[in-house]
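Asks: I have a structure I would like to understand better, so I am pasting it below and will then ask my questions one at a time.
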Amino acid sequence: MHSARYEFDGRNGQHERIDFLTNKEKARSKNKTAIAIGVLVAVLVVAAVVAFLIWLFVFKENDDPTASSRRKPAVQLFSGHMKLLNQPYNQNYEDTSSPEFMDLAKKLESQLENHYQSDELLKEFYTKSMVTAFSEGVVAYYWSQFDIPVEELELVPEFSEERILEALEAGIQQSRSVQPDHIQIREITASMTDPRMARTPNAKECFFTLEATEEDQTFTSPGFPTAYPSRSRCQWQIRASEENVITVSFPFFHIEDDCSDDFVYIYDSLSPDESQAITKKCGQRPPTNPLEVVSSGNIMLINMITDGEVQRPGFNAVYKALPHPSVQKCGGVLTNAKGVISSPQHPSFYPPAMDCKWTIKVPSGQKVRLKFTMFRMKEPGVDVRVCHKDYVEALGNKYCGELSSLSLTSTTNEIIVNFHSDESFTDKGFMAEYSAFDPQNPCPNEFACFSGMCIAKELKCDGWNDCGDMSDEIKCSCGTDQFACNNGLCKPKLWICDRVNDCGDNSDEKACSCENNEWRCRNGQCMSQGVVCDGKMDCVDGSDEASCETSPGICSEFSFKCANGECVNKVNAECDRIDDCADKSDESFCDCGTRPYKLNRIVGGQNAELGEWPWQVSLHFQTYGHSCGASILSEKWLLSASHCFVTQSQENILPSNWQSYSGMQDQYKHDDVQRRSIHRIVPHPEYNMMTFDYDVALLELSEPLEFTNSIRPICLPSSSHVFPAGMSCWVTGWGALREGARAAQLLQKVSVKIINDTVCNTVTEGQVTSRMMCSGHLSGGMDACQGDSGGPLSCFEESGRWFQAGIVSWGEGCARRMKPGVYSRVTKLREWIKKETGI
Ligand code: 4AZ
């Protein structure tokens, strides 16, 4: 408003001047020309001034987000604790409404105010201090608030923790000498705190003081289990008697996914002091991976902040006191030939401020192997190369962060493992198995990797990096069926010229049918390099334009077709969270392929966790129990394999003989599992019982599924989607654990690699059609098996979604060397699925 009025004033001024000059003109007609020039110059000058003012007050203001009209005053909040010296502890201090609490709190608050007087800046912007709790010791917890008005915002960076502490310490020193009747303060801390965390004790709303005992007690977030309100500021102060620590577990935890909106912050203190934070959490956790934290002493603070638009159910929590020594005891001397060590309280979060030392000693002449089966010690702002906060130390190295594999081998018959956690931020910690071994024969009947790991002998020199450190792939004398890469590695000859750089130095792809400077189309045609992404379709199959940023107007079998007929020549454009089609059809129907639960990433182990593969379905036939797998495409449709239904027996094609179970992990546990009968079985009309070609079937459910955290659909790839050879995907199911064995009780997962079509065709002796693809390991060992049929081959795309690349179909035996699993190729069956289901 203000700037618009200024604009008018300027124009008025302009008119006044012109009138004024016109009067002059009448009086001095001789100087007409000079006056005319003068007028022109004046008009130009005034116009320039007006334009500048308009720019300054209208446009510049809008450009600048820090323009004063848009800025808000800043609140700087610091919280911490202090020790009170000449103050005996009184139990009534724990009751924030007691006269004792209020009296002491008031005294301290006024002392804090005085201390800030020594600093001109702090003094000017100081608003208030609040003592929020006391604990034995005597320790007082407080926060101090400074409000900085908009005009002084540039001063905000001067409000640092150091400045606050300096002022407080100077004030404390001074008052010690001048006012000896003051409460004597020692060891004061101050850390910058989110102002939303500040609570006034005795606030009526959402402020709780809890007493932990040996018995389990519970509390919940407000509105649980329906939904927590937006803009909640909740605080739970928990205490236990001396010599105890507090554990809190959250059997149910579902807060919004974005931690910047809604979160739960847990402290090893009674003030929201970041330097004593145990953890900050949001999102949703499955019952198999609950959040469980432990304090280092007899106090804990839990804060919940909700500011997001979306409201979730919240949490329920169980808390209790544990005797101090039971937690603090960790480490020791271990002399067994094998055993397990873990961080304190594992799988709960380990407590802050702890040190443990394990000495693992085996008979002389032997050595120790230590294999971590789980390792998670993540902290914000920690450089994992230095691990300056929490760590595990062994053999002179420190480890922290999240590790997917870690194996250590001692140099003598003894290994020392140190665990350290500092005052802030804890995590799930680690678990490790140790075993003694004979250095002369470290891996009986197996191959010993440099890392100390043992792997099956057959995996040595098979072209795959099984050890993880390549030690199984060096010093190989290549067999007759192997190709010697220039860098000394051996790879199966089948991999030569398969368009995958298997050697790592590309030597397996060099001497192929095209010249060095030529481009090989996917159909094998050779073209000059210039044809790639030149906007023209040069290869007959269009593959030269298939992976370009833009190739407008080109439509090939590799293009993604938008609903409006437009073609997008970008690899895997669908559901990648980027609008590629003008009609956005590439991003519609994309509520798929995500798993809501925050999962534990446990190293090794093939048992799937609940909610890890929420699209996996178990199909039970008559009274035989689990017989085939399937995947969820929508509330009403499942995808499976035709060969489960189209057999010699007419029984299999009858929908009433089948039941589907979604949300299942354990075949014997049916909590939260949704059972649905099958309304209709739609096998592919071209399914061939002899060749297994078109091995796909759709199942329409009698009743729709209700999507939950453990029941959700997988994304279907478009027919142009590329799953490149070498990509690691997962096959899941309750199939046999070995050839000829019984079905598994717990859902299993196996990581398999997409195998190049030429190789696939060779190893299956030409039995694969274009509706099939191979995936597995040519070295054997990991594969789908009987009972996995119909289940999904799930591949994770960079866009953050899981896509179904294949349907478990057939294979020669299970996990045999050079006999990978064969899957129905979903991209080739995509149009038929769309036609039958509309999905
Ligand atoms: C089966 O019989 C079966 N190794 C499924 C997959 C494989 C083999 C057999 C792949 O259902």
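Note: Cβ is positioned from N, Cα and C throughout, glycine not excepted.
Unlike curated records, TrEMBL annotations are generated automatically.
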Asks: Which of these, CYS539, CYS567, CYS575, shares a disulfide with CYS555 in TrEMBL?
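Replies: According to the record, the bonded cysteine is CYS567.
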Asks: Taking CYS575 as one end of a disulfide recorded in TrEMBL, give the other end from among CYS548, CYS590, CYS592.
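Replies: Matching partner in the record: CYS590.
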Asks: Could you pull the disulfide partner of CYS526 out of CYS514, CYS533, CYS539, going by TrEMBL?
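Replies: Matching partner in the record: CYS514.
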Asks: Pick out which of CYS449, CYS454, CYS478 TrEMBL lists as the disulfide partner of CYS467.
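Replies: Its disulfide partner, as TrEMBL records it, is CYS449.
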Asks: Under TrEMBL's annotation, the disulfide partner of CYS461 is which of CYS476, CYS478?
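Replies: Partner cysteine, according to TrEMBL: CYS476.
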Asks: Consult TrEMBL and report which candidate among CYS497, CYS503, CYS521 shares a disulfide bond with CYS512.
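Replies: That record, TrEMBL, gives the partner as CYS497.
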Asks: What residue among CYS503, CYS539, CYS548 is stated in TrEMBL to be the disulfide partner of CYS521?
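Replies: Between CYS521 and one of CYS503, CYS539, CYS548, TrEMBL records a disulfide, namely with CYS539.
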Asks: Helix, strand or coil by DSSP: which one applies to CYS526 (disulfide bond)?
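Replies: It is in a strand.
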Asks: By the DSSP assignment reduced to helix, strand and coil, which category contains CYS490 (disulfide bond)?
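Replies: CYS490 (disulfide bond) sits in a strand per DSSP.
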Asks: Report yes or no: does the domain 'Peptidase S1' (602-838) come within contact of the domain 'CUB' (206-322), defined as 3 or more CB pairs under 8 Å with a sequence separation of 6 or more?
Replies: yes
Asks: Can you tell me which disulfide-bonded residues out of CYS490, CYS512, CYS548, CYS555, CYS575, CYS590 are within 10 A of CYS476 (disulfide bond) by Cα, answering none if there aren't any?
Replies: CYS490
Asks: Averaged over the domain 'Peptidase S1' (602-838), what pLDDT does the prediction give?
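Replies: Its mean pLDDT is 93.
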Asks: Report, in whole Å, the straight Cα-to-Cα distance of CYS461 (disulfide bond) from CYS478 (disulfide bond).
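Replies: If we compare the Cα positions of CYS478 (disulfide bond) and CYS461 (disulfide bond), the gap is 8 Å.
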Asks: For CYS548 (disulfide bond) and CYS490 (disulfide bond), determine the Cα separation and express it in whole Å.
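Replies: About 33 Å separates the two Cα atoms.
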Asks: For the C-alpha pair, I'd like the distance in angstrom between CYS497 (disulfide bond) and CYS485 (disulfide bond), rounded off.
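Replies: Cα to Cα, CYS497 (disulfide bond) and CYS485 (disulfide bond) are separated by 12 Å.
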